[in-house]
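Engineer: Let me begin by handing over the structure; questions about it come next.
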């Protein structure tokens, strides 16, 4: 099931919420686990066995790791066994056919491909499950004795199919004991509405523009303007799709009492590639840093080793995104840029005006998306050539048509990518100050401390009320687009 | 009011909206057919473990909820309005053109593939040298009125394409390019506001069909009836056709459907072979109260229809005619009943017999192939013609 479906919205979500809040505390996790199984089985009835298998083996490995009298060697053996099982399953389902195709191509053999569909969310839940084993191995967390609690962690439906990748140690406490108050639930509703609107109103619609451009008869006739419009559309589609999904996941988590870490932080405001990767898919970057980069020695064993480690992490990041050469190339591309930044570029960028370093970052990000979007390397080259005038056409009627029919949407997409929190805070502060002169009829008790002005007067509710209207409109508009949806693909299912 | 109250409104509003929609969805009576979209809606999926296993149940259930969603029409209209507000000029492959015209996108066709369709017709003509064969290729509204497309929007030129097709045809048949008589018709009548095509549907109007009839008759040396020989009657002024169904634009001006009734009527008997039904009318009034109003003409698409017309032998221009066609022929057929005694009409998309055999069995020497450019360029079934 996906969040951006009407069945999820009006049937699954309200029913699960009601059942969850009616359940006594000790079976709330069981309730969530069962709901997650239904959620998963809805789209993948067969692979549910695979997910339960992963869950069960890692649960048992965890118990073994925590057994009294286990030697260091024994613990290491358990860790290695778990990693082999996890990566073995992931490798078989995600990379076997890629490997077979390449072996066949190089050796001229004819090994038949497995042709198995990729189990939904396998890249995400495998990484979550591995984080648990590694945390327990390092004694950052205690092993989970309760299988239901552990299975709830792995299969939790808000982040099951597209992240954020939740590390076990960030959520272990909440699995045992969590409380939801009205403020937390309302925050969840806000996040969910924002995420749904990002996905349904923005990502799906700009995706149509990318589809139109990339479906051109031949890339060798693409004018410069069309090529840029296309890749900008792709960049926005993938950002709003993925971050929208993360927002919905975080929002749903809040409704059930979980606080997941943020996954995006306005990535397109980045001023370097290093900055971009601190803002984009943060949970994946953190995972690789915690469980690959630092164990490899990170930056503590000399420059050569550090550069090697960066390269390893980025090749892995690339191939994590999909079993295809272009993803590996995409990872390598960022690895090389990040090394260059580490060596000298960052110092150079620091001396430039901010808009220039921003331009630098955006350009490199967009070229990165070309690598990401086309599986065929020849197409990548043709597209980049088109962007830089290789076809000798600046624009044609079609480019103008695509530009003006998407101009308003593009403007909204740009606005949505910028940072507004500072502005909102200062407007709120000004409104709070101005309210002194007005009579505040209702509510002088102000028992809710979260929005209280410094001078002790209750905070202005003008902005929160505007926000309320805004979120309601977004939700209703999203439903309208979903009802009419003939185009509602879900991009991150490939991962 | 404190922010605590606002949080409560968020929670109450969100939950009551979702639960409210759910209750509406459960208790609202379900319709089986959507007039707005002109299609059968998804039925409540049947539960079985095998259907769960194959994911068919999940797909059907999602469709069921979407199809019967509370206030579905209102939500769809809202979306359409928002799309227009953001200057989007197309929806589901339908352009929102000038003067209230909707157009279907028309891109460059695969010329190799198209060439093989034209060759099929050539081969048919070569295999049946005794047959008098005409091929009438009507453009679509997007080909006729490219200047009415949204600003800067483009469509592949059907004018050029029809010429290309004409150029690839061998001798041995008469080619009637719709542009020749439709262009002419518009200017000669000096009535630019006369519609050749419906604004909201992919068909030509009865007037467009009349001009085609006139051109076809003249090409065969018959004397066509003048417009004055008909009572022209409006049978519907609330026609929102297939482009409207696909594009779902709100606030459109509906089209008008006209029927040309000869002042000297000819009695006709129509036999729909598919269902073995017989009728003494070429029109089916029941469709005028439905969404799909163009099916007023002969009750829609049938694989094989025969029409017998009571014309005295000495007054008839032709005894027997075979029409191989798409639905553009439906509004033109009634005109031909004034000239031909026996008309056989085959829709090649649904008829699986051999056309040559059919002509032989029924002693038919005259054939008209009538297609619109858009269906012709993608009609693989034309390859059946070869024999």
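Each residue, glycine too, has its Cβ placed from N, Cα and C.
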Engineer: To which of the residue ranges A:281-307, A:362-388 does TrEMBL assign the term transmembrane segment?
Structural biologist: A:362-388
Engineer: In TrEMBL, which of A:77-96, A:137-156 is labelled transmembrane segment?
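Structural biologist: From TrEMBL, the annotated transmembrane segment range turns out to be A:77-96.
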Engineer: TrEMBL lists transmembrane segment for one of the ranges A:438-460, A:461-483; which is that range?
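Structural biologist: It is A:461-483 that TrEMBL describes as transmembrane segment.
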Engineer: Between the transmembrane segment (A:329-350) and the transmembrane segment (A:362-388), are there three or more C-beta pairs closer than 8 Å, counting only pairs 6 or more apart along the chain?
Structural biologist: yes
Engineer: Under 8 angstroms, Cβ to Cβ: which one of A:6-22, A:77-96, A:116-134, A:400-420, A:461-483 has the largest number of such pairs with the transmembrane segment (A:219-240)?
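Structural biologist: Ranking A:6-22, A:77-96, A:116-134, A:400-420, A:461-483 by Cβ pairs under 8 Å to the transmembrane segment (A:219-240) puts A:400-420 first.
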Engineer: Are the transmembrane segment (A:461-483) and the transmembrane segment (A:6-22) close enough to be called in contact, which here means at least 3 C-beta pairs under 8 A that are separated by 6 or more residues?
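Structural biologist: By the criterion, they touch.
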Engineer: Counting only residues 6 or more past its boundaries, what in the same chain has a CB within less than 8 Å of a CB in the transmembrane segment (A:400-420)?
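Structural biologist: Result: 198, 202, 205-206, 209, 212-213, 225-226, 229, 232-233, 236, 239-240, 266-269.
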Engineer: Report, as numbers and ranges, every residue of the chain located at least six residues beyond the transmembrane segment (A:48-65) whose Cβ falls under 8 Å of a Cβ in that stretch; write 'none' if there are none.
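Structural biologist: Distant Cβ neighbours of the transmembrane segment (A:48-65) are 37, 40-41, 75, 78-79, 81-82, 85-86, 89, 93, 119, 122, 125-126, 129-130, 132-133, 136-137, 143-145, 147, 150-151, 154-155.
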Engineer: Which residues of the same chain, at least 6 past either end of the transmembrane segment (A:6-22), have a Cβ under 8 Å from a Cβ in it?
Structural biologist: 28, 31-32, 35, 38-39, 252, 255-256, 479, 482-483
